[in-house]
Each structure stands twice: as C-alpha cells, then as structure tokens.
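Engineer: The structure follows.
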C-alpha cells in the first residue's frame, strides 16, 4: 500500500491507522480465529516504533546530519540502560501481560536500536559487507528465526548426543548461524524481489502522472 503514496508521513499515518484498527478489532472480538487473531496482537505496535525511527533516520540522511561525541555518549548510555532493563526483567522472571509487551519490550528495543543508529551517525559503525547484508536481512530474520531455530534445535535433539552446558551452547550457536543464513537467503530470493516490484510499480505511476500532467 505504501508504494502508492507520495509521502513518507502519509504512508506512516496510513499504516498506523490500519494497525490501530487491527488492535481494536482484537480487543473487541477476542474470539477471532487464530489466523486472524495473529494480526491483532498488540505487539504489532513495535512495527510502528520501527517505522517512526526509520522516518527520523531518512530525515537525517536527507539533511546530511552528523552527530558529535556527546550524542555518542548519550547513545551508549541509552543502549546500556535499555539492555539492562530488559535483562533485569528477564532475570526477575516477571510475567508480562500481552497488552503490556509493546511497552515493556518494545520501548527498550526502540531505545537500543535508536541508540545504535545515533552511534552510526556519530561515526561509530560496522561497515563490513557481511554485517550490512545481515542488517538488510533483519526483517526476514525477525519473521523466520523462530521456525529455523526450532528446526535446528529439534535436529540436534534427534541426531546428536550432546548434553549439559556445552550442548546448550553448541545448539544455540548452530541455531543462530542457521537463522542468519536462512534470513539472508530469504532476503535475497524473496524480499528484494518484492521490494523491486514495488519500486517498479511506483516508477510507472510517477511516469504516468508526469505524462498526464505534461501531455506527453
């Protein structure tokens, strides 16, 4: 839908409106079929957090913003604070209600990612091709890591005799590597093609509008 809009902010507003309708529908009709209820989970608010951060980043990019050393220090403090909060909640074993997850987990996640983005604009960034590719595949990683990692864990349980702490570490590393590789493959074979198709549609619309406006 956002490919057909001419403004980033219009796109963000439209997506926010759609997500709000989904969440409201989930609250009003809690007995929706599981396949539909999946899209009414309040955790989808986290996508809006990411979209809002993306708007800020694109504005910075367009204006050539460069942050200084003080901003970098603040960014590090924000990342450490948010990460510490998440670790404390996890270690304390708090059971977070579903409705509150977007706040308890989503806000710290936004702080961590936002802090790292600020560090990047202050000149502190990893620029290796592998790191950039994994970053580009982060959405695919987010969507598909549960399936891939669960599959790897089951394979290890079925076919390997490893146990104890060493076994847990080995399985965790294997699952992370497999999820990263799988996400990159999905990004290159599926996600990039969808994005390119959307860009082609947008370019054709721009061309059609220009022809209609100038009578070409």
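Cβ atoms here come from the backbone N, Cα and C positions, even for glycine.
Remember, TrEMBL labels are computer predictions, not curated facts.
Annotation source TrEMBL lists transmembrane segment at 12-30, 36-58, 70-92, 98-119, 131-148, 168-190.
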Engineer: Same chain only, please: residues at least 6 beyond the ends of the transmembrane segment (70-92) with a C-beta under 8 Å from a C-beta of the stretch. Say none if there are none.
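Structural biologist: For the transmembrane segment (70-92), the far contacts come to 104-105, 107-109, 111-112, 114-116, 118-119, 121-124.
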Engineer: Same-chain Cβ contacts of the transmembrane segment (12-30) under 8 Å, 6 or more residues past its ends?
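Structural biologist: That would be 1-2, 5, 37, 39-42, 44-45, 47-48, 51-52, 55.
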Engineer: Sort out for me which stretch, of 36-58, 98-119, 168-190, has the most Cβ pairs below 8 angstroms to the transmembrane segment (131-148).
Structural biologist: 168-190
